[in-house]
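Here is the structure we will look at.
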């Protein structure tokens, strides 16, 4: 009897071990499976909400109702009221819509052409409808040719009005087809170099990044005179800090040189010797990260001025409840002169001001770094990286790339 009991116990233990082993194998297999992905955002580990149209995330990950895939805001979440708790039913969490691809799919022929070039090891450089060159376009930095097209709505640029403004995209494969997601704005300073915010490219694979020059309407697919160039190298400031946006600046080295002309030209960079008065009219130029429904995402220009530091600090403190907030010394704030401004502007967009001594010549004074506003609740100043504080950093990397620093300054020494 004792012998039979021992056998029974051993048999039971063996069954338990077998069950545990099967469970371990199943869990291992599940762990190796990739999470479901929509856009560039993994959704498998998040709770679904809004009839599967969104997921529950922390409030600082949700900008204007949509997942923020670029970066996070600097300011801690404000104190919440009972009314702020939604169907996620967790303090500090909210239902946020999943990101969508901002650019329509390219035609099958265009996709095949790009894929063939990449398979051959080449970089993608596309220029659509051929148009004659402009013999009178200025080879000076920061200058534009005469613009005759008129914008349909206030706040929209004319095509090629700011030819140094570029759009940065991330490419991904979806069901065997290439899709591009708009990430950020950027500014051309050399035919091989683009300045943008570090948050736009931090931890990004350079092989997935492309810039488009000569763009106007991001919803229009291909446009005449548009150039698309792959990114060959990312240079992120070594001191960049994600949480505080300290040194939020990066250089993109392009795989091929841009064809400069009416649709694509570089901006000037100012050092501290270039002084802009408090009443200098400037523009924030770029696209919206969250365009309004049933509207095209065309390039915008927002009339702006540099805001006093005290005023900027006060509005951000009031808006966020972060009463110990201090503006970084390498940052500036802008104030908008128009009553109607789009809710969300893309990081990396340029803040350009006209030269005080050379009318018609524009300098890149700031790079859009972050914003803390909630459009329907309050208005606060946007924060920009102050470009003159980074001229030495830019010059050093430009020299390392065997390029000339005079190219983004008035009266370039050489144009080769």
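Keep in mind that glycine also has a Cβ here, set from the backbone N, Cα and C atoms.
Look at Swiss-Prot and you will find 1-39 tagged as signal peptide. Summarising the annotation, Swiss-Prot assigns domain 'Clip' to 48-97. If you look up Swiss-Prot, you'll see 49-95, 56-88, 62-96, 184-200, 282-353, 312-333, 343-375 marked as disulfide bond. As annotated by Swiss-Prot, compositional bias 'Basic and acidic residues' applies to 146-155. The annotation domain 'Peptidase S1' is assigned in Swiss-Prot to 147-399. The N-linked glycosylation site annotation in Swiss-Prot covers 294, 400 and is backed by sequence analysis.
Overlay of Swiss-Prot feature records on the structure.
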residue	record	contacts (Cβ under 8 Å, 6+ apart)
88	disulfide bond	47, 49, 56, 94, 95
282	disulfide bond	276, 303, 304, 305, 306, 334, 351, 352, 353, 354, 365
312	disulfide bond	327, 332, 333, 381, 383
400	N-linked glycosylation site	none
Position of peak Cβ density within 10 Å, selected from the disulfide-bonded residues 49, 62, 96, 333: 96
Rounded distance in angstrom between the Cα atoms of residue 96 (disulfide bond) and residue 200 (disulfide bond): 21
Alpha-carbon distance [residue 200 (disulfide bond); residue 62 (disulfide bond)] in Å: 16
Residue 88 (disulfide bond) - helix vs strand vs coil (DSSP): coil
For residue 400 (N-linked glycosylation site), the three-state class that DSSP assigns: helix
The one of 56, 184, 353 whose CB sees the fewest other CB atoms within 10 Å, among these disulfide-bonded residues: 56
Other CB atoms, at most 10 A from the CB of residue 200 (disulfide bond): 26
Average model confidence [pLDDT] within the domain 'Peptidase S1' (147-399): 88
